[in-house]
Amino acid sequence: MSLLDVVDLDAGYGDLQVLSGVDLHVDDGEYVTIVGPNGAGKSTVMKTIVGIATCLGGSVEYQGTDISGLSPEEVVRERIGYVPQTDNVFPTLTVEENLRLGAYVLDEMPTDRKRDVYNRFPALAGRTDEDAGSLSGGQQQMLAMGCALMLDPDVLLLDEPSAGLAPDLVDDMFDRIDEINEAGTTILMVEQNAKEALRRCDRGYVLANGENRYEDDGDSLLNDEDVRREFLGG
Amino acid sequence: MSVLDRLPSGRGDRALIAGLVCLLLGALFAVTPLRAQLPSALYVFVEVGILFVIYGILVLGLDLQYGHTGLVNFGHVVFFAVGAYATAMLTAQDTFAGIGLGYPWPLGLAVGVIAAAILGAAVSLTSIRLRGDFLAIVTLATAEIFHSIFVNFENIFGGNVGILGVPRPIASLVSDSDTRLVATLLVLGGVTLVTLAVVTRLTDAPYGRVLRAIRADELVTRSVGKSTITYKTQAFVYGAALAGLAGGLFALYNGAVAPGFFTIQVTVTVWIGMLLGGAANHRAVLAGLSIIMGLRLISRFALNVTPVSGDVFASIRLIVVGLILVTVIRYRPAGIWGDPQELGVDQ
Amino acid sequence: MSLLSAEGLVKEFGGLRAIDGLSVSIEDGELVGVMGPNGAGKSTFFNCVSGVISPDGGTVSLKGSDVTGDSPESLAHRGLVRTFQNTRELETMTVRDNVRLAAPDQPGERTLPALLRSGSMQEREGTVRERADELIEMFELDHLADEYSSNLSGGQRKLLELARTLMLDPDVLMLDEPFAGVNPTLTREIADHVRDLNEDGMTVVIIEHELETLTELVDRLIVLQQGQLLVEGDPEMVLKDERVIEAYLGGDAK
Amino acid sequence: IGFGGDEESGDGGDGSGSDGSDSDGGDSGDDAPDTIVFGQPGALSGSFDFLQPGVSQAADAAVRHINEAGGPLGAELELVRRDTAVDPQEARTVATQLVENDNAAAIVGLFSSEINPLWDYLQDLRTPIVTPWPGSTFLDTRGGDKGTPSDVSDDEWVWRTVVGDTVHTGGSAVYALEEGFETLGIINGNTEGERSYVDGFLSVYEQNGGTVAERVEVELGSSSYQSALSRLFDADFDAFLVSMPQESAITALSDWSDGGYGRQPILSDTLAQQAVIDQVGSDLHGAWVASPGRSGPSYDTFNDIYNEEGDAEINGWTPPSWDSVQITALAIERAGSTDPEAIQKNLGPVSRGEGTTVSTFAEGKEALANGEEITYRGAATPTDFTEHGNVFGSVTISTAESGGFVETTEVAAEDVREYVAEGKY
Amino acid sequence: MGLLQEIIFGLVTGSYIAIAAIGFTLIYGIVNMINFAYGEYISIGAFIGFLAANTLPGPLPVAVVVAMIGGGVVSIILARGFFTPINHTGPVPMLLTSIGLGIVLRNGLRLAGGRSARYFETETSTFQFDAIPDLPVGPVDLLGDFFVTSEQLVVVGSAVAVFASIHLLLTRTDVGIAMRAMGDDESLARVRGIDTQLIRDSVWVLAGVLAGLAGVLMAVQTNVSADTGFSHILQILSAAILGGAGSPYGAILGAYVIGLVLAVSTAFLPSSMTGLSSAVAFVILIAVLLVKPSGIAGTEVREA
Ligand SMILES: Nc1ncnc2c1ncn2[C@@H]1O[C@H](COP(=O)(O)OP(=O)(O)OP(=O)(O)O)[C@@H](O)[C@H]1O
Ligand SMILES: Nc1ncnc2c1ncn2[C@@H]1O[C@H](COP(=O)(O)OP(=O)(O)OP(=O)(O)O)[C@@H](O)[C@H]1O
Ligand SMILES: [Mg+2]
Ligand SMILES: [Mg+2]
């Protein structure tokens, strides 16, 4: 049994079904990446796990218990952290307050982790009392990541964490994700920077049209001719 | 040709034809010896029906402003009032208080429309750049300011008494009350239908697309080269002018204007009508208005069948009207005929 | 004379100088990439040039005339359009209407032709339809044409935005991170398309962090840092520049 | 314009006649209806709704009393009361509904703010409106039968059983001058009733040598009137006149008392209420109110019957409400018909002249049965309609003391009448 | 009398409005709806306070506390019954529902409480400050004698206490920060583990508590009736929006602007125009918005 099991999942928004029969699993401590074309349903998988999108059939099991009916706030309490693809900071809250809410479900404010975040993203450190809405696109992305780190989650769901980051930070971000994973956090990530992501992960899934297409370890996918041609742009 | 039949025509045109037919019939009753017969029990329905078609012009203007363009106008009554006062002051003869100039009514009506349009332009020039909820407060405030002015400057606006002695063109042509009521309803209803046709044409055209784009995201609309200020101003002024027209017609129908006719209650009624029917859909807003006004009227008749006294009934009636409103919205949040996705309302 | 140029541009937010005396010029027909660390001021530069915000100092000129502080709509009329980094759709309108809206010179957008259903309006509406459907197809959005754009995925929004912009047939196209979140295969196609447009004479300015695509695509790179011009020039040369490596690519650049 | 009834009853005949309630009988006195309906538009909600309970109770008491006496024309009198919320638009709907659907023979209600802007409409309605509410000077020369009861062509269809502001404010002004208050400060609300009260007061006060030092108009329903008061009391005057509805007046007078401004208040007629003294407290002692409406010859008769009906507090419009029902019923009795024109023709004759004095419908019915002419003497005023359908009455001065308002003097109707030009009221 | 006195009057009026405007603006900013029924919440608070004052032993402050608790309870019950079920539908249906609810409540109160106004029995003491030197500037005296009453002091004091508590709540506590976060982005708030329903409930309770307080204060100064709150809703709404959408600090500023303008314009307008004071307040309101289009305390949001 894996840590996170998505079994024959049908999901969508309201009546609109986006996913049909998606299967995936993530073992404890694993680093798994989902890639696929735009609109494939990658984000929808994430959203269904955290309880934002509607599960229409199948199940999502976490540590053997079905969590598909839980609300987002209940899922977070299971220490499943999630960084959404867009709109992932509170624009009228300050940077500091955003981080504080990252640790909302914890009993105590993890001050050392906050220091850690500021060290990791110095661009944020100088602007602790400014509204997050005034940050540049990339800075907001860093803050969103920082918020998720505040939770020190068991499983971390990342929806395109590198989008909009400058190359140095992209590498940095991936390094950081590696570190987090090495420290024992299980990672499920969606990326369009597919080559880098697949290179670094343990295992990958390719999703298209709301269905599983390929599943293999990262390097094999990366070297698969079909995958390259269809999804990685040659 | 292939383009033509893909255009959503027809909709507005049927209203146009119906409107013209109504106007013609109304004129027929007014100027020929043709007489209508109306059971007196229906009088009150026709009376409210006349008010409905007048408010109908108001709600169509509001729908242009809010439903299509997203301009939150919480002071719609002020344009109605300004149109009515301008018409009344220009045409009134020996009014008890305030100014009455005694000009012919067509001139008065025209000036009423223009006055409301000018006020609309003034409001939009100063405020249309403001964010949505600030426009709401500016319009609300404008309505309050004008209400105070009408009440306070007795020498000009007649204070609380208002302007009396306004000519009633239809009433002066038809002497028997059955025909008069029917003719009034037909003529004013015809004007409303023509208005419906006009605004439908406007919003079915690419013009309406720009308005709806402004409602969705102004910056994007500007970025693709549309001068949103111009469109917002136009939509606002058109809505105001329509309200002015409604006001002028009201004055000429009622024969007098007074602050009591132009309270915030009017704004509330047209807003409820618009949202209840479904904003951004002209026929729906008219239907919504008819529902709320009909409900208020029909509920009056329930007094005869309820065991309670008139005093208690007055409160209960309004409670019931309020509850019905709340219930409808609970199950049709975008309005009865509104499109939830277009209005950004989650079902 | 260059097509688009900024001279000594300054923009401050509170105490923060997001753009600090930036001078840039872009020639007619060029394909220019803009890069730089997060927060370098790239989007702010776009905002100033496209009229979304007005600069606190300096001038912007387009086709030889001063357009500093002009509104986005007047710039669009002059042939300059841009996309947004955080996509902005007209969510309460369908994909098709999103694209159609952007068409320029529509008689039906004026009151009288709209009321009279004039012939010119109907004719133009026909061509607008055709062009819009072409673009929608080109970006593989045709199956979603009648969906409300609020139902699009992150990447699809990027595509829609691009389609909408192209509807204007601009002289200068400014793209703010068009590839962020776009699937690599599609990225290629879009890049190819942008190159085609450029070859047909459209001037294009792209902000992008995705270096591989960018360097292949553009004629010239401009690198910003802290609101100032750090380096500009031939892509290969720029990427080898010490300062760029230091500030932007991180030590281990390719 | 002499159109309407005659024309139509000629061709119609199937009850589709538009102008009235004649479907259940009417013109012919011999087939009397089983029930006769009076319509009462009222302030069941909206501003002034606090005055409605007294008015309703008086009307109900009158109806009960009339029915106990056998009813007009032997029919059962019924009162249909509908809410106008003091909104002219609603009033129009209600009046139509009362006349056309409830078949009301007459209307015994409507406020000035409803009557004035609906004037043309109400004339077209051609139904007698005998209302206890409006003080408006607008009605001074409008309404009534113009002194020619038998000729309705010159009539206007509104009558009021309450003294117009012109008259009783005059009484108040006369009294103020007698008391030696030569200069006044004035604070009044900006609604029709309040303004008209002050205007009426001033026309007499200034004519007779009084001067106004400062006048401040205020909006009603504010949470504080301190600024207005401080402005008012910057001026120099002997006493100040307060013309506001009860609730706002209590706020303003409490503010006055808190601010320690002193000087003598003169209150408008609406304020002769127990609550005012209770709330404002002892500072109010000595303040006086000139009110109409309780000085009619048969006030006591009314008072007894009224108190059997319930315990709503009596206000200035309560006795006039009683009068309006009584006199309309008497007009029907004398007309022998519920036809609106017949009622309109008889309102004058039962109120004026030298007939047998009656104080209730019961007495009147009996006298009429005996073939006598009658003259109704009301509870609020003698109810002697002028040509414009107005009434005169004496003005009672009540002074605030610790327990409540105590009637101290009366300004006789004749004294007040002096100040009103002949034919102008 | 001098300007000083007028300013005191203005501050008092502003304080009444401010307390209510904060409650209004919290709902506006966090639940994301304009609550036109808020005036009725105030009236209900006034009624509860009045009942408490007349049935419970103990001084007025006890009644105030009861009114605040009662206001909170009523608010949450109404929210659960009317607003929570349609929360996902967005601001416009909620606004319409609040109009309907307002009609229901106002007439319900009228039905239950009767039509005539009731009054609190309170004693007020007045503190006169005489012999303050005048400081004339042109025709206006800047200083001059003035007075304050104990009631005014209580009102201003309550307002200040409310401001301080709200500030601490919103910036220092998790619940407060979570409230603001919800105003920004509800689905993100849920992803952060915030129980949005709980937070929304707390906002309703808080708004109800403030309505209860405002209700009793207004009722002590004026009266208790079905219209106690309704007659002030326009001022409250204006203050809240003038301040900048959903910002409590803005609402406070907005309220005092309106209060001061009302007082000063009553004092200085020409005699025949004193009835226009609220019109003047609205003119000033428009003027302020034209000068500062984002509202008094509003910050400009990043557009692109
Ligand atoms: N409206 C604003 N208010 C305050 N600060 C702002 C505003 N807009 C931009 N800034 C600041 O200006 C700086 C430059 O921002 P800009 O968005 O131009 O960066 P960028 O180069 O586009 O970065 P990225 O690659 O992350 O998108 C940033 O520090 C940002 O926080
Ligand atoms: N809120 C929503 N309501 C309705 N449909 C939606 C919604 N969000 C996404 N969809 C639809 O679901 C499909 C999958 O979307 P999803 O966001 O999961 O794609 P994705 O794989 O994450 O794509 P991208 O890489 O572009 O972000 C898309 O076709 C989109 O149209
Ligand atoms: Mg996605
Ligand atoms: Mg950027």
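Including glycine, each Cβ sits where the backbone N, Cα and C put it.
Note that TrEMBL annotation is computational and uncurated.
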Range annotated as transmembrane segment - as stated in TrEMBL, picked from B:145-163, B:259-277: B:259-277
Per TrEMBL record, range annotated transmembrane segment [choices B:18-36, B:284-302]: B:284-302
Interface present between the transmembrane segment (B:314-331) and the transmembrane segment (B:40-62) (three or more C-beta pairs under 8 A): no
Long-range Cβ neighbours of the transmembrane segment (B:105-127) (under 8 Å; 6 or more residues past either end): 78-80, 82-88, 90-91, 134-135, 138-139, 142, 167, 169, 232-233, 236-237, 239-241, 243-245, 247-249, 251-252
Recorded stretches the transmembrane segment (B:259-277) and the transmembrane segment (B:314-331) touching, at least 3 CB pairs under 8 Å: yes
